[in-house]
Amino acid sequence: MGEQPIGKLLMKFSLPAVIAMIVNATYNIVDTVFVGRLGYEAIAALTVVWPIQLLSMALSVGIGVGANSLISRLLGAGARREANRAAGQAILLGISSGAVLMLVILIWTDPILRLLGASTEILPLSRAYIRIIIWGGVLVFLPMILNNLVRAQGNPTLPMAIMVISAFSNIALDPILIFGLGPFPAMGVRGAAIATVIARGIVVVTYFIYFIGARLGYRLTFSDFIPAPRIWTRIYAVGAPTVAIQIAPSITFSVANNIAAGFSPVCLPARHRHHSRYFAVDRLQLRCRKIEACQGNHPQSRNYCYLIDNRFHSTISVICTYPCCCVQPRPGIRRDCSQGITH
């Protein structure tokens, strides 16, 4: 990590993440297509609950990014025992955050959905979908955190492989559970939710098999899972800005849903359908560029703690240069998307 060329290191950590996110974004589009065959109401139901999923992703990404940075710095400083403890605390935060969100949503399901813009017509579908998703709340939280824990050990390929397997599992399960193929009954939007939870469960189980076998470089003990607020503070010191950035689209989407709710019930599902199309395409183009630039935090953190100043500054320079290359194409992509929505 302290000797390989900076460009090669960034490509090593960026390319697998880009591939995984492209596959994941493709799954989002395919999932929308399958659910769309159930009608406008089904699309509208999933669009209403999307801010809740964005919130869960924001919290898990924030914990994951904060833990990744902290563990990379600890490993760079040679503090492997502290790195193991930080990994245990990140997993604990993921489990506890998922459990708290699950309780909140289960207790106040209908008020929250109405606040997010659910109309009377689509409230039952939104409720059916989110209650299944939220029962698997811990399974939704942990994959992103575990991905970052593995990347912090210098292994970007395994998270890519597991995310690709999860996405393809979800794509395969969607038509079976949504439309009722073979011995399975047609479950509609419930089937889409169950497929998502199963796919996330595959990720979590696979990672824990690796963790138990100590194949990922971590040797976690029971004491690593005892709450340590000092480590939480260090994780959130880096992860909090990421959470804020990730939550912003959730707020925007909620406002858009409530604006659309002011129209007639006939217009609302169509409006949600256009929102779903836009965000599916937006995730495909945005996530890949964002993840490629952000994966530099691992070599950057290691070199910082190795006190290799020239390599640290070189990494910063490359990371800062990359977004500048994306600024020019951005207006053209945005303009085309907006024209497609307004037609």
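Just so you know, glycine gets a Cβ as well, placed from its N, Cα and C.
Record features, source TrEMBL:
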- 9-30: transmembrane segment (TRANSMEM)
- 42-65: transmembrane segment (TRANSMEM)
- 86-108: transmembrane segment (TRANSMEM)
- 128-146: transmembrane segment (TRANSMEM)
- 158-180: transmembrane segment (TRANSMEM)
- 192-213: transmembrane segment (TRANSMEM)
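When Cβ distances are compared across the two stretches, the transmembrane segment (42-65) makes contact with the transmembrane segment (128-146), since 3 or more pairs at least 6 residues apart fall below 8 angstroms. Between the transmembrane segment (192-213) and the transmembrane segment (128-146), three or more CB pairs separated by 6 or more residues in sequence fall under 8 Å, so the two stretches touch.
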